[in-house]
There are 2 protein chains.
Amino acid sequence: MAHDYASGEVESWPTGFRAYTAHGGIRDSGDDISVVVSDRPAVSAVMFTKSHFAGPAVVLSRKHAAGRRLRAVVTLAQNANVATGRAGHDNAAEVTARVARLAGVAADEVLIGSTGVIGRPLPMDAIRAHFEASTGDFTAAPLDVARAMMTTDTRPKTAERQVGAARITGVAKGVGMLEPDMATMLAYVFTDAAVAPDDLDRALRKAVEPSFNSLSVDTDTSTSDTVAVLANGAAGPVDQDAFAAALADLCLDLCLQLARDGEGATKLLTVTVAGAADDAQAKRVAKSVVNSPLVKTAVHGADPNWGRVAMALGKNTDESGIDPDRIAVRFGDVEVYPSEPGGDTLDRLTELMRRDEVSIGIDLGYGGGEATVYGCDLSAGYVRINADYTS
Amino acid sequence: MAHDYASGEVESWPTGFRAYTAHGGIRDSGDDISVVVSDRPAVSAVMFTKSHFAGPAVVLSRKHAAGRRLRAVVTLAQNANVATGRAGHDNAAEVTARVARLAGVAADEVLIGSTGVIGRPLPMDAIRAHFEASTGDFTAAPLDVARAMMTTDTRPKTAERQVGAARITGVAKGVGMLEPDMATMLAYVFTDAAVAPDDLDRALRKAVEPSFNSLSVDTDTSTSDTVAVLANGAAGPVDQDAFAAALADLCLDLCLQLARDGEGATKLLTVTVAGAADDAQAKRVAKSVVNSPLVKTAVHGADPNWGRVAMALGKNTDESGIDPDRIAVRFGDVEVYPSEPGGDTLDRLTELMRRDEVSIGIDLGYGGGEATVYGCDLSAGYVRINADYTS
């Protein structure tokens, strides 16, 4: 099945939200600061990276998010402000305070996100000059915000869903250093539905597990991962189940846009593992396949070298129950193991692997656990992008 | 410190060993079958891959190795004979029997190794024809054997050490699908020292942990990993400690030759972690750095993007004790964290990273655990080699 991940270029916000983007001098050109704000109080739910090296933006945002009353989100692009010492924390706090003033909200209602190079101080002189001069023209569309959030992304990522009278709108960025652990790089969701904070939190956690937490571009977990949802209630209450389902669907949509735009990626790679001891084991095994450099390069080259999937399954030496005699592997609808594929089947396999979405299905054959994870191929482009990123 | 890993091209065997290499029709051209045999009984110690998809060669060799009396080692190059069903087991047994006849030893004294493409049957017609016609000219040097074992290797790997009157000679292959788990792809060591089986086993296990088990090219564990040592006693007894030390040194030598020739690699990458809770934690954390695609690409591009090491440390979310406030990171002798490197330091760092060996030192700052691991950079060459391997 092909995924309908490109749900369009979203041009407007749910009722009560507006946004601002600008060039603040963090990168050479193009907008690098974006702010989304609700014109009325909102409730919020947020999940952050579990990295030990979480940056000042995450540390400060964790405090602000605890109140579940976030109203604004600011993003700095091109500099993660991570591993920047005491000054890094001061700078994150100063940017947050300036944004609060510009947006007309309290500082502790602001979530701050920052991604890009690690270990370099923010260019605070330029940022300060920008905020001193800014008149705060909040007329940017979701697509503008998504674009201002990009670092090595090649495409802005936006998505929207309708639930009753309410809308859910999401923006995201992230193409490398991307194996989210409880959250993705940066994904922000805004809705005018009226949702209680507990319900919002529950819906977010449920939406993140099969989407952002099932995504890996390169096994490298960012120090800045954040996914947040703000609900301002302007459209009134909605059916809670319908809302949770729409939120989950939107998160998967954004997640697939991230996978597809993985650094250097030319293909979306989907790996489903069934028949595992439990869902958690299925996910660990599926991740070992979607992250295998040899599987990723074979997918890149449309090389029907399915034996590499066997290798990737075999290397899960910490997992019990994996037994070649019980396993079945297919690419799309083509079975490759244990039925040894002959000439015709290899031709069909090659044809399948030339498509821009490759799906690998694995049945471990002994339990009821199942999981699907998302990734991309590994290309020379990934190396090119990352061998020369700071310079 | 630069590693003295290229200990030369070894031209002769310890007393009592001789070898045979030939083209058996597994690949288009060049020798692809090699046999090393002792002209007298020998004792042996072997360690194998832990992969769940271990191939017929490993399954059969495990049985033969149990007797600790191996006298011969045969290697097939270019086809791993893995995931090949019942026929794969029959073929491994037939090759082993034919080699035993050629070498004049018992079939259960033969170790068989096989690496290359997974999931394709061995070309048994060609292999049979070869053995029917062969006169068994056992005049090959270690360098010839190492060359006949190569798949995507660009250089044969050999090493030797002297212990008293005895010699230790090793050959190895392996450049991709290379994160050995209790053994490396294929590394064979031959010695004319007289060593008791228990001592040999102990010395091998001790030698493998800080060498092959500390090596990773791409996190992909082979289905065929085997490391074996055969001792035929022709040179008489040696000092046991000196033997163990020489064996460990030789294993590290071969290991560094493997790392340096990692698929597409241009640089040897060494990561040392100190100050961990214990050696095992130090090794897990060091592996997360040496395997990080973003660290590997930065090393490839000589990009002084040391922040990626902070990221890689941070993503060890299952490890307790990792705290940015206690960590110190250096590249060679240049400290990069927590002391923020300024312009001069960044220049020195760039210069360091241009060398063909890059060493990263990390102090977690709270315990006595320490480990060093070895890897290589990630280049577009790795993608090129692996995107089009079977075709």
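Every residue gets a Cβ built from N, Cα and C, even glycine.
Quantities reported herein were computed from a predicted structural model and do not represent experimental measurements.
What TrEMBL lists as substrate binding site is A:T151, A:K173, A:T184, A:E263, A:N386, A:S391. Summarising the annotation, TrEMBL assigns active site, nucleophile to A:T184.
Shown here: features listed in TrEMBL, placed on the structure.
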{"residue": "A:T151", "record": "substrate binding site", "DSSP (3 states)": "coil"}
{"residue": "A:K173", "record": "substrate binding site", "DSSP (3 states)": "strand"}
{"residue": "A:E263", "record": "substrate binding site", "DSSP (3 states)": "coil"}
{"residue": "A:N386", "record": "substrate binding site", "DSSP (3 states)": "helix"}
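With the fewest other C-beta atoms within 10 Å around its C-beta, A:T151 stands out among the binding-site residues A:T151, A:E263, A:N386.
For A:K173 (substrate binding site), the same-chain residues lying six or more positions away in sequence with a CB closer than 8 A to its CB are A:T75, A:A77, A:T115, A:A146, A:M149, A:M150, A:T151, A:D153, A:P156, A:K157, A:M185, A:L186. Less than 8 angstroms from a Cβ of chain B: among the binding-site residues A:T151, A:E263, A:N386, that describes A:N386.
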